[in-house]
């Protein structure tokens, strides 16, 4: 709320009275500072008349956030700092000097800083000037990537990009041959870091190194085009072949096992059926011990035994007559 009022106050002060003869000067239009260093932003002002109750204000416009922030305000001997810049700003105290020094500068502090001086007693004049501040930072480790299919006859390109780096890094690609780096300049854009390879057959496979650099230093990343081109395909092919071979072997073993089980089951069924048939035939043949004695027992006097035919003859009327005749003949002979 208070910073917003500070932004409105200069407008109200201008409407209440005219500012005349206030001239703000910024001798340096651009300031470069290393990360963690201190940035001194020079700003002086002059007036043809006494300023009276004037005030000084510094504003910061972040290009990254696209927002304007009030970071410093001075009026009637009191100074204030705000936001991320609180306790980081030291202001000049001599008359006519509105310079400030900002400590521990970070990449997020890169942007435009505006010095403003207002006096309600004077007419309108040149009351503000801006300075660009660049917080220099070494390129971060680049991200390297291959786009496209790394096979013969295919279009591919190598990417190299840093997330941070100020000034903006420039990129260079090199072919790595043991300890020797050979620059690669064909179809290469040093600003974007993209290396185009129109046909892999015209390019020697191997290791490639990207170097991103600026005045603060450099960072590198590498790509192994050989392993991605050959070893990767070989490993993938071998893996697929091994899987297919395992599937085929398992299928063959399963089929053979199923056939063997089916054959064994059929053989067992035939043996059981043969055994049952044999037992049935054996059960139909009468046993001598179980055969009923239907023949006439022989006389005690003669102790004669009936013949097998007589014993086996069934008891019919004809057989009964034959038995009677035999009995009579036997009785006559005994007399």
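Glycine too: its Cβ is placed from the backbone N, Cα and C atoms.
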Per Swiss-Prot record, range annotated transmembrane segment [choices 234-254, 255-275, 276-296]: 234-254
Three-class DSSP secondary structure - residue 43 (disulfide bond): coil
Separation of alpha carbons, residue 160 (disulfide bond) and residue 115 (disulfide bond) (Å): 39
Integer average pLDDT (0 to 100) for the domain 'Ig-like C2-type' (139-226): 86
Nearest-integer angstrom distance between the alpha carbons (Cα) of residue 210 (disulfide bond) and residue 43 (disulfide bond): 42
Long-range Cβ environment of residue 43 (disulfide bond), under 8 Å and at least 6 residues apart: 24, 25, 26, 58, 97, 98, 99, 100, 115, 129, 131
